[in-house]
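Noted in TrEMBL for the protein shown:
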type     : residues : note
TRANSMEM : 62-81    : transmembrane segment
TRANSMEM : 87-108   : transmembrane segment
TRANSMEM : 120-143  : transmembrane segment
TRANSMEM : 163-182  : transmembrane segment
TRANSMEM : 189-209  : transmembrane segment
TRANSMEM : 229-247  : transmembrane segment
Amino acid sequence: MSSTKNRTLSDPDIVEEKSGLSHTLSAGAISISPELFEKLYLTPKVPHAGDNIKRFANPTPLGFVGFVISTMTFAMVSMGWGSAEGLSPVVGIFFFVGPVLLVLTTIFEWIMGNFFPMMVCGLFAVFWLSFGMLQLPTLGLAAPYSASGTDAVSGAATKEFNAVVALYLIVWGFALFTFFIFTLKTNAVFALIFLFVTIAAWVLSGAYWKVSTGDYSKAQDLQKTGGALLFIVGCLGWYMTFVMMAAEMRLAVSLPVGDLSHFWPKTDLEMGRAEKQA
């Protein structure tokens, strides 16, 4: 994309070009092409969307950092790397790492007018908060399922408890799949993140079903498979985070994300006219 195409501001302008990415800067204003906007904010550029980029920093990478740290930690523990077992030592990632950064990003994206990133960050924030509750020993959520009504350990091994968690993850899988459909309008990396995390949710649901039936060997295999899928999600998330930070920091590198927006017809007449005039 050329800097001439993106010049929408009056002189004096400062044009910065970095390996195919261009920003046009002036005193207190900035113009970003639709392609770069989608790469930075993971949402199509529509009229009024992103108006606040003139005043505020891009919050999207912040949410990605919280999501990736939580996801990769959970993935590696699920796969049992280094004989790791249990999430109690790292339960803080479900409350003070992922959710905190994701909730903040949700609020900032709402202020920026970025609908889809707001929805994504809000979705993962409440997922990690709710799933983290299951991993917090002091809550003893599984205790009522035990014979004594007070033993959380035996309660967590019951058929009823694991069936409930399995149903919970099935519902999350459908929610994530819904979001996956809409990522097909952004880029391939973002779409793959949602594709793999959707499959992982259903695979982990299967692991809980197998625990409920007493098939612990199969449950462990499914848990490791789900962990492997989430590890892929984490790697893609790190890549996407680096891409966004590299663009924001004006690094002389342009990494591909597989733009998918050009496969979709323009549905906003005002945006279409603006692009034709550019």
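In case you wondered, yes, glycine gets a Cβ from its N, Cα and C as well.
What TrEMBL says about a protein is an automatic prediction, not a curated fact.
Owing to the predicted nature of the structure, the values given are computational and were not obtained by experimental measurement.
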- Where, among 62-81, 87-108, 120-143, 163-182, do we find the most CB pairs under 8 A to the transmembrane segment (229-247)? 62-81
- Any chance the transmembrane segment (62-81) and the transmembrane segment (163-182) have 3 or more Cβ pairs under 8 A, given the pairs are 6 or more apart in sequence? no
- Report, as numbers and ranges, every residue of the chain located at least six residues beyond the transmembrane segment (189-209) whose Cβ falls under 8 Å of a Cβ in that stretch; write 'none' if there are none. 42, 71, 78, 162-163, 165-170, 172-173, 176-177, 179-180, 183, 219-220, 222-223, 225-226, 229-230, 232-233, 236-237, 239-240, 243, 257-258, 260
